[in-house]
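Copied from Swiss-Prot, the annotated features are:
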type	residues	note
DISULFID	14-56	disulfide bond
DISULFID	45-91	disulfide bond
DISULFID	49-93	disulfide bond
MOD_RES	1	pyrrolidone carboxylic acid
């Protein structure tokens, strides 16, 4: 069965969608412990923009608290704890920044 163009287009558009992220990528300084689960589902911006010069970018964010099990491999002890993760609430296609380009506007020479 062929999926209609409008559905294909809508599903591929820039939007916040459930994405699996590794806890160790979000908390790289916590490498000495093991987390269960090792990744969590959060909303993150992804999708296609109408032009290759644009990138799907978050324009709204909030923090969610998720309960995770932390295991200490040396002592084999475990505990439940709450960890904070960023979720994207709104997304827009914005111009891609070139490598080495400053974040702010460029000053004009005088």
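Our numbering is plain: 1 for the first residue shown, then up by one each step along the chain.
Each residue, glycine too, has its Cβ placed from N, Cα and C.
Residue environment of residue 91 (disulfide bond) contains 22 other Cβ atoms, counted within 10 Å of its Cβ in all protein chains. Ranking the disulfide-bonded residues 45, 49, 56, 93 by how many Cβ atoms sit within 10 Å of each one's Cβ puts 45 at the top. DSSP assigns the residue listed as 'pyrrolidone carboxylic acid' to coil in the three-state reduction, placing it in neither a helix nor a strand. Under the three-state DSSP scheme, residue 93 (disulfide bond) falls in the strand class.
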